Protein chains: 2
Amino acid sequence: MNILITNDDGIYAQGIYKLACALDNIANIYVVAPDRQRSATGHAITMHEPLRAEKIKFFDKDFQAWAISGTPTDCVKLAIEALIPEKINIVFSGINKGPNLGTDVLYSGTVSAAIEGAILGYPAVAVSLADFKDVDYNYAAEFCMSLAKKILDNPLPEDTLLNVNIPNCKKETLKGVNITTLGVRKYKNSFIERIDPRGQSYYWLGGEIMDEKNHEGTDIHSIKNDAISITPIHFDLTKFDLIEQVKKWNIEIN
Amino acid sequence: MNILITNDDGIYAQGIYKLACALDNIANIYVVAPDRQRSATGHAITMHEPLRAEKIKFFDKDFQAWAISGTPTDCVKLAIEALIPEKINIVFSGINKGPNLGTDVLYSGTVSAAIEGAILGYPAVAVSLADFKDVDYNYAAEFCMSLAKKILDNPLPEDTLLNVNIPNCKKETLKGVNITTLGVRKYKNSFIERIDPRGQSYYWLGGEIMDEKNHEGTDIHSIKNDAISITPIHFDLTKFDLIEQVKKWNIEIN
């Protein structure tokens, strides 16, 4: 089995290393990841400049590994369509430092890389550790190994993928695994205005999370209750049940 | 009425100017757009550096206009949450130079800006002229004006928006308006490898479009037949009908 691994924290992040080491027990590992931190890049691709793919030594491992000058989505495209001739069986993106829950998946480079895998026709998984402090990737990586086996036994339908968030706690305190929907994650007071030494203003994106509507069954509720969330994802943005309604507007060339 | 206009081609592009002039007939216009070309940025946001918002003179107009050092998504967030105190009635993103059809909407800064408008709770429209050469935005801009009126008369449900693609032809040759689904747009031979003067390889993202599966009813079919396509869009990526199936995998903490 061949597994392609990418992320958005960059190829030198601990999360991707731990993931690669765990999956190394069950597959040949190929790592193609951004050469630096590319968080919150969404599904960006690099069209207006060329991409560099530098073959690197990946920590203490002998995996084939490339550091890419582009986004997570670029990495998956380039890996599958240019760098790796072998047939890939699963695309894993992660382990991200920090959660990718609810509405936030739209901004996530981690999830977008997995979406790109699915667009190209491969089973794909995005994995995030739902914390920014004192992160311990060990159990999350171990969980990915068993999840990879599950995916081989239970093929995902075309054009779908899994978004996995794992609480940052010891295996013993985890409260199980929930198959979830994406919750709603919105922010208030998003921008902080500051003045630079030359008197000009600038803005930092900040914001406090408002997680009001996240009932049981959502990924956000699951993580709050120390359970792993797995959300099946698709990428057809068509709002089918609105088509007939908009037809009734009688929009015409006029 | 107050309309916020943004785009991903940058604030100095002709498409945003034509759109703003047309909508000026029916609303107060606020323009908040990237200070340069930001195509294919997807739903990227700027988290690791601050944003600058420079108030500029917008062509020959007296609209309030800001050039932003970030992505289209940043522009909408910043406009609504920091720059414009007035209540916005509609967010328009465009007019993009080039189509945003099918799977490609995932990569589109134009569509992502409109999605951000919808996330923040506003009616939103992404508009693209489906051509790169000899572009004539005049009819497309006129169409946006009548569409804005339709949206005021027919409120869109929460968390939805419209993705509009307009053929680059004269009004007389347009074959009508279709309310569509997103088609499937995939590419082959995506990367072109080149060697630089120092013998190092690099890659250009290229690719030939493969539009096989695009039956009547899709946006791609509509544009091929010289008709305007309007696709209702949502942004909940949950694949609901896969939840029960994945539950049967019996994934557990182990």
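Cβ coordinates come from backbone N, Cα and C, glycine included.
Record check, TrEMBL: divalent metal cation site residues include A:Asp8, A:Asp9, A:Ser39, and the candidate from A:Asn25, A:Asn89, A:Asn96, A:Asn100 also listed there is A:Asn96. Take the mean position of the Cβ atoms of A:Asp8, A:Asp9, A:Ser39, A:Asn96, the recorded divalent metal cation site; other residues of that chain with a Cβ within 8 Å of it are A:Asn7, A:Gly10, A:Ala13, A:Gly15, A:Gln37, A:Arg38, A:Pro72, A:Lys97, A:Gly98, A:Ser108, A:Gly109, A:Thr110. Filtering of the binding-site residues A:Asp8, A:Asp9, A:Ser39, A:Asn96 by Cβ separation from chain B (threshold: under 8 Å) yields A:Ser39, ordered along the sequence. Look at the Cβ of each of the binding-site residues A:Asp8, A:Asp9 and count the other Cβ atoms within 10 Å; the largest number goes with A:Asp8. Packing around A:Ser39 (divalent metal cation binding site) is summarised by its Cβ count: 22 other Cβ atoms lie within 10 angstroms of its Cβ, all protein chains included. Around A:Asn96 (divalent metal cation binding site), the same-chain residues at least 6 positions away in sequence with a Cβ under 8 Å from its Cβ are A:Asn7, A:Asp8, A:Asp9, A:Gly15, A:Ser108, A:Thr110, A:Ala126, A:Val127, A:Ser128, A:Leu129.
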